[in-house]
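*Asks:* Sharing a structure below in structure tokens format, with a few things to ask.
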């Protein structure tokens, strides 16, 4: 098959289909014998049945071409989420042997995550592999027999957390040292942690968003500049590992209590904000609310329940940090009033939010959460996504006013006007005009 040239003069109706594009780069190319994509008739993917009644019938996720993975892979995309490119760089620069066999000795979960019925339902969990923490052990024989690489997509561990705000809470008497959750007078915390990489079951994801699987595949293929041709050429493969950030679960108290409906649960679902969470920017309430959420989660654990904080990598409402900083510039140069808060984002990004909270509750169902006694979030989008997935929320806890930095009143008042929960006043559009952030030069 000869190469097909598509120029700017080629009519749109004459653009070749994916299958017409050459599948093997010729020896005249800098890269020899590179297979660009695969087709159902050329492959024998290892069976994978999402939502199967047992792990044996479910099967492992195979998402690499190494060994016999080219013919037998049953997932599109690559492991490690947004870090997959660094893995490729390590291989390309000869720092990593592509045939490296991971030794998972002693890397098994540091605590048992109670198995849930939701793990075996193809609608309850569609954005993560519920068996991702067990795959190297459940499917070791499959890996050997089929000569394919099987990698975990979840890791479960324990740690000690040190935060200045928790030390302050101990010193001021808001938290007590109990030796179990709060370890010492420095406010060090015992915490159980779970890291999760995204794994999408495409039919389920499409259903959550109210689109067809074909529409979803087309958008994912075209809007990523054709990054994953198999989204188009492999309709038989239903699982996709997207190149996006994952999430981390932080559990305070006994992990078994999280799924116990007789125990109270305090929960904060937090979306990443590097500028505030890590570097203390006061233009938003992100770090103050996160620290308040952790403190309240610890208190619930000390009261005999459990506390959970889920941290999603969705920087800048999933618009990214570059877009977020451009919006900051536009806000500060344009007066930075609360009535224009969302409009400035829409002018630059075309949309105010791309976090798509519909997928967020999956990790809650994976943990076995059946109710939330205290929801440490004001977000109507998070609330609605959780409730829509059948998890009731008993009480919603807004951030205390004294924790809101002055420059972030623009953000919080605009969000309350748009539907965020509050026990206080909801400003109208005219009142929002009087809520103004400081300028770059107005720092005292």
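Backbone N, Cα and C atoms are what each Cβ position is placed from, and that goes for glycine too.
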*Asks:* Can you match one of 273, 347 to the Zn(2+) site that Swiss-Prot gives for 284, 286?
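*Replies:* Swiss-Prot names 273 for this Zn(2+) site.
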*Asks:* What subset of the recorded positions 284, 286, 353, 355 lies within 10 angstroms of residue 270 (GTP binding site), using C-alpha positions?
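*Replies:* Final answer, ordered: 286.
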*Asks:* Could you check which of the recorded positions (273, 284, 286, 353, 355) sits closest to residue 377 (GTP binding site), going Cα to Cα?
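*Replies:* Out of the listed candidates, the nearest Cα belongs to 286.
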*Asks:* Cβ within 8 angstroms of the Cβ centroid of 273, 284, 286: which residues besides those meet this for the Zn(2+) site?
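*Replies:* Those within range, site residues removed, are 275, 276, 277, 281, 283, 285, 287, 289.
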*Asks:* Specify the nearest of the recorded positions 284, 286, 353 to residue 272 (GTP binding site), where nearness means the distance between Cα atoms.
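*Replies:* With Cα distances computed to residue 272 (GTP binding site), the winner among 284, 286, 353 is 286.
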*Asks:* Among the recorded positions 268, 270, 355, whose Cβ has the fewest other Cβ atoms within 10 Å?
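*Replies:* Comparing Cβ neighbour counts within 10 Å for the recorded positions 268, 270, 355 gives 355.
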*Asks:* For a quick check of understanding: given the listed GTP-binding residues 268, 269, 270, 271, 272, 315, 316, 317, 377, 382, what is the maximum Cα-Cα distance in angstrom, as an integer?
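*Replies:* It comes out at 18 Å between the most distant Cα atoms.
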*Asks:* Report the same-chain neighbours of residue 286 (Zn(2+) binding site): residues 6+ apart in sequence with Cβ closer than 8 Å to its Cβ, ordered by sequence.
*Replies:* 270, 273, 275, 276, 277
